[in-house]
Amino acid sequence: MAPAALWVALVVELQLWATGHTVPAKVVLTPYKPEPGNQCQISQEYYDKKAQMCCAKCPPGQYAKHFCNKTSDTVCADCAAGMFTQVWNHLHTCLSCSSSCSDDQVETHNCTKKQNRVCACNADSYCALKLHSGNCRQCMKLSKCGPGFGVARSRTSNGNVICSACAPGTFSDTTSSTDVCRPHRICSILAIPGNASTDAVCASESPTPSAVPRTIYVSQPEPTRSQPMDQEPGPSQTPHIPVSLGSTPIIEPSITGGISLPIGLIVGLTTLGLLMLGLANCFILVQRKKKPSCLQRETMVPHLPDDKSQDAIGLEQQHLLTTAPSSSSSSLESSASAGDRRAPPGGHPQARVTAEAQGSQEACAGSRSSDSSHGSHGTHVNVTCIVNVCSSSDHSSQCSSQASTTVGDPDANPSGSPKDEQVPFSQEECPSQSQWETTETLQNHDKPFPLGVPDVGMKPNQPGWYDQIAVKVP
């Protein structure tokens, strides 16, 4: 068999030689000069410009230790540790392997003479900056999709994730860079519908299910209807229907009395306000009743000299006889005699003023005494009184005790009348009179006294004008 094969090979070579194309049996490493316009025959050769010859390249894991020349071919050598050559080359040195992988990277290929070290990002990171060699220079954390969002598509090699909102009927309740939106739970009885971030809740599910049957009472109000008047109300008009429940729990609504609390508070405050208002009105009415119905004020009578006071007494008697002929002469005489007795030794007219002031104490009770005296027999005289004010409680009692009745029966005993009593003028003056009022009285000594309504026609220079101030007979 072997000689036959050799003969076949020889025949083929002869035919090729005859045609002018010769093919060497093996590749010759010796350099050769390429034909003009032609390149080196194979890719494992390179053209050396210095030698102008085609020379062989070094295989992966080796480098060109010596370059070729016209007589010798390229001499190759293996790469040292930590260095490599990955392709056919004619480098004068090997390439260094990449540095060790960082903490966020993982080494996928070790450094060898024929291959560089390869680092890839961790599962929770992606390559943000990739080199031409395929290694990743910088890794970053993957984006995380929050609740309501899910990963739109799976992450590509060294790529970041893309988040998208969950479509209707799906949800995502986690924060993750890998979870996608999941469909809602399908319930026969839906208790709580789901949304983009929560799943649906079925009515048959409960956090603490109870398998023990129990009985509850459901209150149902009766329909409105007319009832007889003699029906006595029972303790409760609402029937209770017992309902037996199985293992399925239900939510029992609790009725609280939260509405009754504000109503009771409002009613209580309203009642308290009305009570306070009533007490205030009662206090005002009591204060109004305590006020006196008649305010007394001491009349300031101008001081007259002695001669004028004597003339005034005489003119008063004459005027009373002239204007009131029907009056009793005995009452006028008693009035005149009382005025003479009460006059001081020096003839000072202050005694007359005191007598007139004493008679004026009955201003408040004058109307009652006059009305009561109409039923009695005798002659009555209506007297216009000048009020004397006593502010103090002690002096008011004193002043009232000194008052004399000017309306009465003229036939009464004159000895029992208070006119016979000698009362000093100092006791008739009220201590409540202010200093200003005293000064005002002294200043009005020579001024005319203001006249009343019946005295408008009488002038101060007419006789008897002063007497009408004390007593006026209609």
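Backbone N, Cα and C define each Cβ position, glycine as well.
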Checklist line | CYS58, CYS94, CYS97 - which one Swiss-Prot pairs with CYS79 by disulfide | finding: CYS94
Notebook entry, point to check: What is the interatomic distance between the Cα atoms of CYS58 (disulfide bond) and CYS40 (disulfide bond), given in whole Å?
Noted result: 15
Checklist line | Within 10 angstroms of CYS127 (disulfide bond), Cα basis - disulfide-bonded residues out of CYS55, CYS68, CYS76, CYS79, CYS139, CYS181 | finding: CYS139
Notebook entry, point to check: Who are the long-range neighbours of the repeat 'TNFR-Cys 3' (120-164) in its own chain, taking Cβ under 8 Å and residues 6 or more past its ends?
Noted result: 98, 102, 104-106, 108, 170-182, 195-197
Note to self: For the C-alpha pair, I'd like the distance in angstrom between CYS40 (disulfide bond) and CYS101 (disulfide bond), rounded off.
What the structure shows: 41
Notebook entry, point to check: What kind of secondary structure is CYS40 (disulfide bond) part of, going by DSSP in three states?
Noted result: coil
Margin query: These are the disulfide-bonded residues: CYS40, CYS68, CYS76, CYS163. Which one scores highest on other Cβ atoms within 10 Å?
Written below: CYS68
Next item on the list: Compare the C-alpha of CYS181 (disulfide bond) with the C-alpha of each of the disulfide-bonded residues CYS54, CYS76, CYS101, CYS139, and give the closest one.
Entry: CYS139
Margin query: Validating a neighbour-count step here. Other CB atoms within 10 A of the CB of CYS136 (disulfide bond): how many?
Written below: 21
